[in-house]
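Read through the structure below, which is laid out as structure tokens, and then see the notes.
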Amino acid sequence: MTAASKKPARTKSAATKTASSKAAAGKAAPAASKGKPDLAELRVRIDGIDRSIQALIAERAQFAGQVGQAKGKLAAAVDYYRPEREAQVLRRVVDRNGGPLNDDVLVRVFREIMSACLAQQEPLKIGFLGPEGTHSQQAVYKHFGHSIHGLPLGSIEEVFQEVESGAADFGVVPVENSTQGTIQSTLDMFLTSDVKICGEVELRVHQHLLSRGGRLEDIERVYSHPQSFAQCKAWLRQHLPHAEKIPVSSNAEAARRARNADDAAAIAGISAGTVYGLKNVAGPIEDRPDNTTRFLVLGRELFPPSGNDRTSLLVFIKDQPGALFNILAPIAKHGLSMNRIESRPGHTGLWQYAFFIDVAGHVDEDGMRRSLEEMADFVEEVKVLGSYPVAIA
Ligand SMILES: O=C(O)C(=O)C[C@]1(C(=O)O)C=C[C@@H](O)C=C1
């Protein structure tokens, strides 16, 4: 029995009336006296809508529970997770959006609903670069919602290990920043690890100067991750040219250290300030207002296509003339756009290079499959690191 059908007279009719935005828009606005809407009447309307939304969420959760049963008796929560389906649901939310709320707001709301629906089975365990309060933790919540069990870990390497061992269902690691470029230590882990990429998250990164005392003129030392120092170089030069800059392993670690003295500050996300009891001295202070970090979601298996996917390849090319051209030619021939190529020492021999290549499409699709077949003669090895939905909002 569905939540709406449990209370047929009240909730179902309200739900039906407000289910579509068109229907809601068609309703007459509450009576206005002297040009001003009537507050009490508006609140009655909002209360009615809230009742309907709540009944529909409960009904949705029941159906999601039944979807779980339809998948059969699976071993763990991770087996119920379907990133390709979640991406499709969220894209539809964006397509339907006619305002007044922004796409990213609506995506966040629906993400939380799906997160809670999935957690009915059991919350997913998600490893990330800790401690609490890092941008990685924000990326975890952005991608998986809050109905998960977060595992703050000591290093990017540990995130890979915990996913590989099964201690974490998924992991989230930073891979590139729009201001500072690639995070090499993440890419290099793929040379030896067998984890698969099953998602990506883009996070607008805002940096703040946080301190216990909250006064810029008191600051003599600043702690932060080297990436964050680099993202705030111009601001630091202008406002704290003489302060000592001390690099640490994460921004949250910087905040942890800064809480011990009034003349110390951290550059970190605002949530690290909340976790470690620091005041916001200044921010956002990143030099570029569009400063964005891209994170990868790590898992142990590949998922089916979502309709708008990206494939990450790790290619060890043969040492012969034209080899790189010969592996890129099939990608162009099949009309696939390549978003990124990066070479790294391959750890296979002196001056041997591995290429990390991101291509639009999914390995289960024809063009990609044929491209891989056609480049086979020119490579020592190709590892499909993952085929996953392109980041949404
Ligand atoms: O459609 C499914 O396979 C579901 O399990 C339902 C649902 C959802 O709430 O929409 C929940 C979790 C999955 O990761 C994907 C979608």
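From the backbone N, Cα and C atoms, a Cβ is placed for every residue, glycine too.
Remember, TrEMBL labels are computer predictions, not curated facts.
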From 1-34, 69-102, 307-340, the residue range that TrEMBL assigns the feature region 'Disordered':
1-34
Helix, strand and coil counts within the domain 'ACT' (312-389) (DSSP):
24 helix, 33 strand, 21 coil
Test of understanding: give the count of other CB atoms lying within 10 angstroms of the CB of T293 (site 'Essential for prephenate dehydratase activity').
23
